Amino acid sequence: DFLPLKCDACEEVFCKDHVRYDEHKCSSAYKKNVQVPVCPLCNTPIPVQKGEIPDVVVGAHMDKDCKYNPAQQKERIFTNKCLKPGCKRKEMMKVVCEQCGGNFCIKHRHPLDHDCTGSSRPTSKA
């Protein structure tokens, strides 16, 4: 069966087996492409107008509008150093002692574990 079907991109006539863009290597398929390309550097969706070639638009974005910061990739997570003398551990979040206000690691967070001098009230070993 040769059913004449018109390609909606290039407007040429094909049979049902070849009407798909890939089957007849349609040179105008990019005009009907509804996918939104994403910048490979900053992961931002890039709007593409009809008739524009996505690769060219993404390339232009990378050249002038891209907010990619290579230093951001190497940003350190563990930045909160323990104040207990001799301890070199760092934590993701601050662990502040309620009595002395110092920042400590999980191991030294309790006043008895870091020889706290912030408060004169007795502390329990519980």
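Glycine too: its Cβ is placed from the backbone N, Cα and C atoms.
Those TrEMBL annotations? Automatic predictions, nothing curated.
Feature list (source: TrEMBL):
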type: DOMAIN; residues: 1-34; note: domain 'AN1-type'
type: DOMAIN; residues: 76-124; note: domain 'AN1-type'
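For the domain 'AN1-type' (1-34), the number of residues in each DSSP class (helix H, G, I; strand E, B; coil) is 3 helix, 4 strand, 27 coil. Outside the domain 'AN1-type' (1-34), and at least 6 residues removed from its termini, the chain residues within Cβ reach (under 8 Å) are 48, 50-51, 53-54. Helix, strand and coil counts from DSSP across the domain 'AN1-type' (76-124) read 3 helix, 6 strand, 40 coil.
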